[in-house]
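Annotated features, as they stand in TrEMBL:
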- S195: active site, nucleophile (ACT_SITE)
- D366: active site, charge relay system (ACT_SITE)
- H400: active site, charge relay system (ACT_SITE)
- 59-119: domain 'Partial AB-hydrolase lipase' (DOMAIN)
- 123-240: domain 'Serine aminopeptidase S33' (DOMAIN)
- 1-34: signal peptide (SIGNAL)
Amino acid sequence: MSGGGSRCSLLPTSATSVLQALATIILAVAAAAARPAPIAGTSSTSRVAAANGTCQSRVAPFGYACEEHTVTTLDGYILGLQRIPSGRGETAAGGGGSNKVPVLLQHGLMMDGVTWLMNSPDESLGYILADNGYDVWIANSRGTVYSRRHTSLASSDAAYWNWSWDELASKDLSAVVQYVYSQAGQQKMHYVGHSLGTLIALAALSDQQQQVGMLRSAGLLSPIAFLNKMSSPLARAAADVFLAEALYWLGLSEFDPTGEYVHSLVTDICKQPGIDCYNLMSAFTGDNCCLDNSSVQVFLAHEPQATATKNMIHLAQMIRGGTIAKYDYGNAGDNREHYGQATPPAYDITAIPGDFPLFLSYGGRDSLSDGEDVSHLLRALDQSHDGDKLTVQYLADYAHADFVMARNARERVYAPLMAFFKLQEK
């Protein structure tokens, strides 16, 4: 894996600080210690789900038609993609002959496509869109359990993990959008992203104008762009002690929150005074108002997912630096080799076409998509965006996970989002 950014001199000098930082970022996303351990001799729920596929494990049991697709990126990653072409009790739409408007759903960091299917059909966006007449496509980013294949690399190879969200925007999203556009009969699609899925869209829209021609609009839930005001003390601590860089220099190119090494480490740290392993999800994301136990159990059965350590380094760079820029290789020489300049190029949010419809929804309790950072993003969009093409929703009592897991998100978020879609379809 080329370039990890900061060198060894930047690593924390205290082994304890590294361990504590590792605990915070892993535990805070409801990691392995919170997940029920697999019974000896059996597969874990997530592995069974992966073997069966999302369609069989989460969609078909509720009476929906569902299709498993794959798409290959230009750099060889084979991504799993699910399609729900029709609602419950409806004859499957099938193929490109359907006149239904497609919607592409993109999950966030350390999640996968199950993000959109964790609650009941009356509460989860994937099912709700299908029941409201949309052709639903669900993406799974490289490295997740449904997208771990490559044309020439094994996921055990360090080279497989040589990517950050730059590639998720330029390679994964590009391949998936083009595939959906073709499969849906060249129908323009709506896009919905959560968390990192919003950053991917903003980067692609500002850097790859050809994507705009295949999209009708983008719904950005808990938008992530500028991160320097992030109020989550756990995420900020991990960035400040150069946690991801430390892992990279320890030779861990894959950031796997459920790996045996991490599970053992987390278990040990949970025993330390002052570490609360039962409420770290809220401590990390903000105080979610409206989750229920059933959705949390589905979450624990499927998430968190692996990502590249390089991706974690890139996000930490954003937290520390306050800019939206490509991955920083840590020195002018390496940056020149990759970008032709000494510093990584910035993504220009004002380059997003002013007439491209955007829906942003953010929460007052969200400590990852912090209100100050969202305000910074909105100011950037306001510089070039047409006023009637930018819709903003603020929910004072919502935190990060509420936007995809809250029991009342249908009324609070999804109904306004679909009303926004309808306006763009006229």
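Keep in mind that glycine also has a Cβ here, set from the backbone N, Cα and C atoms.
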Per DSSP, what is the residue tally for the domain 'Partial AB-hydrolase lipase' (59-119) in helix, strand and coil?
9 helix, 19 strand, 33 coil
How many of the residues that make up the domain 'Serine aminopeptidase S33' (123-240) does DSSP mark as helix, as strand and as coil?
56 helix, 20 strand, 42 coil
Taking the domain 'Serine aminopeptidase S33' (123-240) alone, what is its mean pLDDT?
93
Within 10 angstroms of the C-beta of H400 (active site, charge relay system), what count of other C-beta atoms is obtained when all protein chains are considered?
28
